[in-house]
Amino acid sequence: MQKFKTAMKTMGPAKVELPSPKEFLKKHSKEKPLPPKKKFDRNEPKKPPVPLRTDHPVMGIQSEKNFINTNAADVIMGVAKKPKPIYIDKRTGDKHDLETSGLVPKYISKKDYGVTPEYICKRNEEVKKAQEEYDNYIQENLRKAAMKRLSDEERETVLQFPLVSAVFSTVCRG
């Protein structure tokens, strides 16, 4: 009893085998190995050199563009942005997006709203065809297995043989 209880001390039977003491964790065994060493090439292209202290940048180049006037003209002539639709849910003024709230019927306004997708129409047609084929197959099997109505001459010939007459008597009456 004690042996069985010790196996369950870990909230149920132990699912993982304990490693043997001989296979202990070694130093640096979990570290990833370094990438392979690249060969050094002296002929590799170098970056352009840093400019000297005596080299000065070209001065005096100015643009004729008046940035203040052009920005003002762009703002005046531009179309105003529409404000983002929001709703306020408390009297303190907590604002939230109206589109993500679910209060606006987003999918009803789509042009293909309420139209059955093509893949469903195709699948329904395939199901109908398969059902028709299955029904035709069943009808053929029923026709093949159905009992024939015998004419009077055939009935008389069958009745002449006593063993066979017991089997076919139900056919003649039907």
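A Cβ is built for glycine as well, from the same backbone N, Cα and C atoms used for every other residue.
Values in this document were obtained by computation on a predicted structure and should not be read as measured data.
Same-chain residues lying 6+ beyond the ends of the compositional bias 'Basic and acidic residues' (23-34) with a Cβ under 8 Å from its Cβ atoms: none. Sequence annotations record features per position, and here TrEMBL assigns compositional bias 'Basic and acidic residues' to 23-34.
The domain 'Enkurin' annotation in TrEMBL covers 114-160.
What TrEMBL records for 1-57 is region 'Disordered'.
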Residue distribution over DSSP helix, strand and coil in the compositional bias 'Basic and acidic residues' (23-34): 0 helix, 0 strand, 12 coil
